[in-house]
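Visitor: One structure, pasted below without further comment.
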Amino acid sequence: MRPVGADMSQISAGSESSAKLKSDQNADPLRQMLVIGGVIGTGLFLGTAGNLHNGGPAGLLISYCIMASLLYSVMVGLGEMIAAFPIAGGHVSLIGRYSSPELSFAVGWLYWYCYIVLLPAEMSAGAVLITYWTKPSETCTSGVCNNAMWVGLMLIVVLLVNFLGTKAWGECEFWAASIKVITIVGLIIVGIVITAGGGPDHTSIGFRFWHETGGFVQYKGIPGAWGRFLGFFSVLITAAFAFIGTEMSALAAAETSNPAKSVPRAIKTVWIRLALFYIIGALVIGMLVSPDDPQLDLASTAAGSPFVIAIQRAGIRALPSIVNAALLTSAWMIDLD
């Protein structure tokens with residue numbers, strides 16, 4: 001594949017001249033963690049609740065398998081190009097080189113619009129997550145559950161981190177991604193233990209909810225195979241949100257000391273993380289909670305997370321607050337991006 005209207009020598013020179021960012025060996029661990037943490041969003045913690053309710057355990061698992069396969073194909077292609085031409089701007093700049101400047105311009109503005117909308121959305125979600133620790137009797141006039149106050153504080157922190165420079169931003173991203181990885185791995189392990197009857201109540205769940213529902217549910221009460229297909233298709237569409245942010249790793253290529261070596265190594269292991277976090281996670285979630293569980297409607301806080309529902313039903317008290325704190329960190333990390 002060659003860029004439109006240019007030869008390879010021009011691209012090599014252009015990539016060197018356009019990459020104004022400083023390469024740093026210390027960016028390599030950050031890149032690795034961004035690739036890992038980038039595939040984990042709040043959708044995996046909270047979005048799976050609605051997906052399980054609409055598509056059932058089989059619909060949830062199949063949808064995430066399809067989206068993970070598509071994402072891996074995209075990341076392999078992106079990794080190949082960004083390793084050869086590690087230019088500032090990542091995939092947006094590559095579109096201009098391999099397709100047309102007009103398309104790159106449009107994608108760049110769409111990408112900007114996506115994250116300019118995502119910033120207040122995630123801040124609002126973070127404020128709602130904080131209300132998990134407030135009592136229902138408390139009013140917002142007390143200053144405890146005032147969402148505007150929490151949004152303002154998060155905005156100040158985000159601006160402060162960005163003003164402190166790349167090093168401070170990288171450290172925050174690294175540790176926030178680490179918290180997300182530790183949380184999801186821990187939840188998957190806890191979920192497997194609960195399904196096997198290792199919880200305090202020693203109740204074995206296994207594939208009970210798969211047998212009860214047949215793997216699929218009737219979407220919006222629509223009967224027959226058509227209702228089951230619509231449930232699966234609705235999950236397939238919304239599952240894409242859970243994978244948002246994975247392409248962020250391409251933006252750091254210009255700051256990597258040896259992108260030809262480090263980028264392929266990071267991209268080639270994306271499938272392992274997708275399989276571990278999403279496919280195994282979706283399988284465990286489908287085993288933990290029934291798609292008809294009414295508590296799945298409370299997906300605005302940790303109380304609606306399938307993991308938290310199963311943990312509470314098993315009689316484990318401390319973990320829900322820990323999961324909510326991890327969700328808050330995940331939302332805050334997206335704000336930093």
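From the backbone N, Cα and C atoms, a Cβ is placed for every residue, glycine too.
TrEMBL labels come from automatic prediction, so no person has curated them.
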Visitor: From the ranges 30-49, 290-309, pick the one that TrEMBL records as transmembrane segment.
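Guide: Matching range for transmembrane segment: 30-49.
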Visitor: Check the transmembrane segment (148-165) against each of 61-88, 109-133, 177-198, 229-250 and return whichever range has the most CB pairs under 8 Å.
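Guide: The listed stretch sharing the most Cβ pairs with the transmembrane segment (148-165) is 109-133.
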Visitor: Could you tell me the mean pLDDT over the domain 'Amino acid permease/ SLC12A' (32-333), as a whole number?
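Guide: Averaging the confidence scores along the domain 'Amino acid permease/ SLC12A' (32-333) gives 81.
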